[in-house]
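First comes the structure, then the notes that go with it.
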Amino acid sequence: MTKQDRRPEILVCNDDGIEGEGIHVLAASMKKLGNVTVVAPAEPHSGMSHAMTLGVPLRIKEFRRNNRFFGHTVSGTPVDCIKVALSHIMPVKPDLIVSGINYGSNTATSTIYSGTVAAALEGAIQGVTSIAFSLTTYEHADFTYAGKFARKLARKVLQKGLPADTILSANIPNVPESDIAGVVITRQGRSRWSEDAIERNDMYGNPYYWLNGTLRLQDSEMDKDEYAVRRNFVTITPLSFDLTNRDFLGTLEQWKLQQ
């Protein structure tokens, strides 16, 4: 059987944990395209970025939903899940990795913190075509259109492929399909978090802190992800794990640090 004749093998992961609604919607959507394997963190790991577990053993367990096998949990980060899935759970290399659907957008500087995006980037590092999906809300989430769009984009990526070391990050407004303004290709924006550490005291009088913040819009162009998604556009941003600032290379060479 040739690759064209068989159903694609699709690995599904997230950072909200295996009980998050988004991963169940995404897995169901992907089953219409291929054979699905779900490997996700046992607990929520939002904001873990590209962290991986060292010095502590990882535990893998089967997860059942409604008395039916759904996937495997890993006692680690989203990146751990990708590594373990590729090395020990999946018998063959997947044709596609999809991560999400995340609670909350992953645009602008949020991209750097995102475990959802990191799982997809780890897939690219391992040579697997990968996509990250995020929904722009933390509450009252409606994944109906997001699941539908995820399938549409995944089908196109399976057909067209992606350049090496490149993923797609799709951010989807939490609105009915009728309110979607369109789909735009964007760059990662420059909006940044305005953060605060809220201090409280435990029962012994010792201080502890909750991190709290708001993403402040600093872009005003439709080709920036956060600006566009706030206007009900689905945004698709190509990303890479190569963080080199090429614009600065020439200037840095002029410093003549080798002398």
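Note that Cβ sites are derived from N, Cα and C of the backbone, with glycine treated the same way.
Together with D15, D16, S46, Swiss-Prot lists one candidate of N67, N102, N106, N171 for binding divalent metal cation, that being N102. DSSP assigns N102 (divalent metal cation binding site) to a strand segment in the three-state reduction. For N102 (divalent metal cation binding site), the same-chain residues lying six or more positions away in sequence with a CB closer than 8 A to its CB are N14, D15, D16, G22, S46, S114, T116, A132, F133, S134, L135.
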